[in-house]
Amino acid sequence: MTQDEMKQAVARAAIDYVVAGEIIGVGTGSTANFFIDELGKIKDRIKGAVASSEATAERLRAHGITIFDLNDIDSMSVYIDGADEITAQGAMIKGGGAALTREKIVASVAKKFVCIADGSKLVDKLGKFPLPVEVIPMAQAVVARKLAALGGEPRLRVKDGKAVVTDNGCYIIDVLGLQIEDPATLEAQINDIVGVVTVGLFARRGADIALLGTADGVNSLSF
């Protein structure tokens with residue numbers, strides 16, 4: 001199977017975790033987009049969705065799925081999203097799509113986090129994929145120096161010569177070269193830096209289930 005076919009396979013498999021009649025959380029990115037397309041086929045079975053980004057909300061609406069504001073609900077049964085990297089313990093790097101803060105917020109409300117990804121995202125140790133950190137724009141340089149002191153190589157994420165701006169009006173610093181031995185500790189350490197909105201480490205609230213696409217089909221891991 002191609003990488004896209006693997007993503008489609010895990011997106012279809014994730015439908016089994018959708019609880020009928022409830023509101024579900026939906027992530028952001030290419031694999032999440034495949035899931036949204038599958039969700040559109042069963043939209044009459046669910047009450048609606050909470051989106052982790054404006055892009056996700058737009059795609060959900062295009063399928064006729066009702067969007068709910070997270071402030072209007074107390075909890076949700078499941079949050080389904082992709083990952084840039086995931087370990088055998090369920091810790092993840094996320095944020096390649098610049099939606100890490102809202103993804104982390106929505107995931108925190110869900111009873112279950114189902115990660116969907118192609119099998120190449122399963123790693124022994126996090127850190128080969130650059131670690132995204134969302135920052136307040138005026139703190140960009142300050143935070144970058146702090147991240148460099150941790151042993152990483154911080155780079156402001158740019159597109160077309162301009163800093164990428166998140167849905168929250170913030171910037172993204174991608175940190176290369178970090179040796180992430182203890183994801184939960186590093187998550188707390190980076191989140192404590194003044195000016196950081198959040199870091200794209202999902203370790204303290206990692207995945208509960210991972211559906212990983214392989215050439216032989218979908219592998220399921222529980223954490």
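Heads up, the Cβ atoms here are built off N, Cα and C, so glycines get one too.
Taken verbatim from Swiss-Prot:
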ACT_SITE  E103  active site, proton acceptor
BINDING   T28, G29, S30, T31, D81, G82, A83, D84, K94, G95, G96, G97, K121  substrate binding site
With an 8 Å cut-off on Cβ-Cβ distance and a minimum sequence separation of at least 6, pull the same-chain contacts of E103 (active site, proton acceptor), or say none. G27, T28, S52, S53, D81, K94, G95, F202
What is the total of other Cβ atoms whose distance to the Cβ of G96 (substrate binding site) is within 10 Å? 21
Taking every protein chain in this structure into account, which of the binding-site residues T28, S30 has the most other Cβ atoms within 10 Å of its Cβ? T28
List the residues of the same chain that sit at least 6 positions away from A83 (substrate binding site) in sequence and have their Cβ under 8 Å from its Cβ, in sequence order, or write 'none'. M92, I93, K94, C115, A117, K121, F202, A207, A210
Please report the DSSP secondary structure of A83 (substrate binding site), reduced to three states. coil
If you rank the binding-site residues K94, K121 by how many other Cβ atoms lie within 10 Å of their Cβ, the lowest count goes to K121
In Å, how long is the longest CA to CA span across T28, G29, S30, T31, D81, G82, A83, D84, K94, G95, G96, G97, K121, which the record gives as the substrate binders? 16
Near D81 (substrate binding site), how many other Cβ atoms are within 10 Å of its Cβ? 30
